Amino acid sequence: MALAATLDEGRLSVFILLGLAAMVTVGVSLLMGYAGQVSLGQAAFYAVGGYTAGLMSVHGLPPVLGLAAAPLVAALFAVVIGIPLLRLRGHHLAFATLATQLILLSLAGELEFLGGSIGLQGIPRFGAGPLELGGDRGYAFLTWAAVAVVVLVARNVIESRAGRGLRALATSEIAAESAGVAVGRAKLAVFALSAAFAGLAGGIYAFYVGYIAPGSFPVLLSIEYVVMAVVGGLGTIWGALAGATAIVLLVQLLNNIGTMEGMPSYAPSVLSYAVYSILLIAAVLFLPGGLVPAVRDRLAARGTKAA
Amino acid sequence: MSAFLSYLINGLAVGCGFALIGSGLVAVHRVTRVVNFAQGMFAVVAGLSAASFLNAGLPHGVAEVAAVAVAVGAGLLVGLLAIGRRGTDPLSALIITLGIGILAYAVEVMIWGDQPRSFPGLGGAFTLAGATVQKQYLLVIGVTAVTFTALGLFFGRTYAGKGLTACASNPYAAQVIGIDVRRMGLLAFGLGGALGGIAGVLVTPLQPISFDSEVTLIVNGFAAAVFGGLTRPGAALAGGLVLGVAEAMVAGYGKASYQIEVALGLMLAIMIWQAARTPALQEEAV
């Protein structure tokens, strides 16, 4: 939050996008780490949130209402598709979520009232009553306030009784079920929660950019969230934040290098694809727990040695 | 009627591509339990390589075979990364192959650029019962038929093929009788590369291919493979053909842009139906 006030204008846009990515990643991390489910379609919920907020405010409803509706509609959508889809496990669910996103994007490109493939334009800036959020600084505050809410909610869920049930679920569904965890309902709840986080981020994104189209939510975006969650460490909130930060900053740095003079025009995209993939592969092979747990364990080991 | 026939042949040809990619997924999955997300990449790599080889002056036939060989090499590399390290569980391996798929984007854009490429296939067309049929469609269907026959003979008649089937049905027992399960896994990845590669060189003349065609290919291939529960190559063939024909009919009689909804909706329905019939207990035990 302090950074939102101190960073200079040029850096703020990266800071905002980082916050948005972090929100979605916390949800992915919960879903993968606690409910043991892989979603390759998380950007679909981001899109639902974005379109909800965008559509409502384009039609003249107050932006606050749009932003409040974004996570709700995303969660509702998750519940509706989750009831059949969550019967699937492992790679089946991974492909099913990917398929959902592809269907959604294709539909959004077809439907007139969503603007078709051209998308929704002229989404008003976010504001409440007479107040209107103008510059990037305001959006930075809004984004990171939302990140704080997301982290708080996620923490409370994990520490609650339901959270313990979820952890049991990740290890063995059958054991959890026999211990009295309502498996189906718990999975659906995490799915909906992660969708709500993504929807909230999507809503803010729509107001911030002022323009959304099916092309704003590619499949690669969903995969980015998985990379961030895996690199940071599944099932840890700080891991999700660390993973999102590490990757957004790294990609930004490489973008700067890639757009320097004398670099070929394809350099930025090649560099970012390479970063995502190499980090993902390296993390799965050599740091299965992820960044944050690995560092924590090392610190703990050093602590015991010193004592 | 003639329109129906041309949609049908078109759909069968496109479906053959899905079937080949799907059977590559099956070949890898039944032996290693890994769903190889990079399977679509093999087709892209082979299609793009074939275009380059042809540009470099290699004759037709040689260029395509060389391109399939490149895809086999890619398959072995993916296999090494995905299952080379002991104790990599299937879901981690899925995420690794996902990573390799994205890494391939970087390599492909560097070598071939980001624009779609194609090359001329078998030229010419003829009329069959009033419908115009391009010869390339028949070539695709014919090569696929030969490939699946060879695949059947390979699994049924050769030592390596039987070894693969043994690993598929019980890895532990296969190991006990002296089959190197890890090497069989690599062989399966190589086979997956070959099947994907064949799909790539066959389909590229029909529709230009670029680095990000991979997502559509893998999703359709997976949809085809799901018909047989990811374990039966023959069912993947049937699945691919059904899918291809259904998409062609929707595109022909309805609206082309709804193709993907039909294919994916079908896949989701089949998966959910299969999941409803398999109790959770059995799935976790495997």
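Cβ from N, Cα, C; glycine included.
Record features (TrEMBL):
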type	residues	note
TRANSMEM	B:6-28	transmembrane segment
TRANSMEM	B:40-59	transmembrane segment
TRANSMEM	B:65-84	transmembrane segment
TRANSMEM	B:91-112	transmembrane segment
TRANSMEM	B:137-155	transmembrane segment
TRANSMEM	B:186-206	transmembrane segment
TRANSMEM	B:218-246	transmembrane segment
TRANSMEM	B:258-276	transmembrane segment
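A Cβ distance under 8 Å defines the sequence-distant neighbours of the transmembrane segment (B:91-112), meaning residues of its chain 6+ beyond its ends; these are 32, 34-38, 40-41, 44-45, 48, 51-52, 74, 78, 81-83, 211-212, 214, 218. Touching of the transmembrane segment (B:65-84) and the transmembrane segment (B:137-155) is ruled out by the presence of fewer than three CB pairs under 8 A, sequence neighbours closer than 6 excluded. No contact links the transmembrane segment (B:6-28) to the transmembrane segment (B:258-276), because fewer than 3 Cβ pairs that are 6 or more residues apart lie under 8 A. Across the candidate stretches B:186-206, B:218-246, B:258-276, the maximum count of CB pairs under 8 A to the transmembrane segment (B:40-59) is reached by B:186-206.
Here the transmembrane segment (B:218-246) has Cβ contacts under 8 Å with residues 7-8, 11-27, 29-30, 35, 37, 39-41, 101, 144, 148, 151-152, 155, 168, 199, 262-264, 266-267, 270-271, 274 of the same chain, all six or more residues outside its ends.
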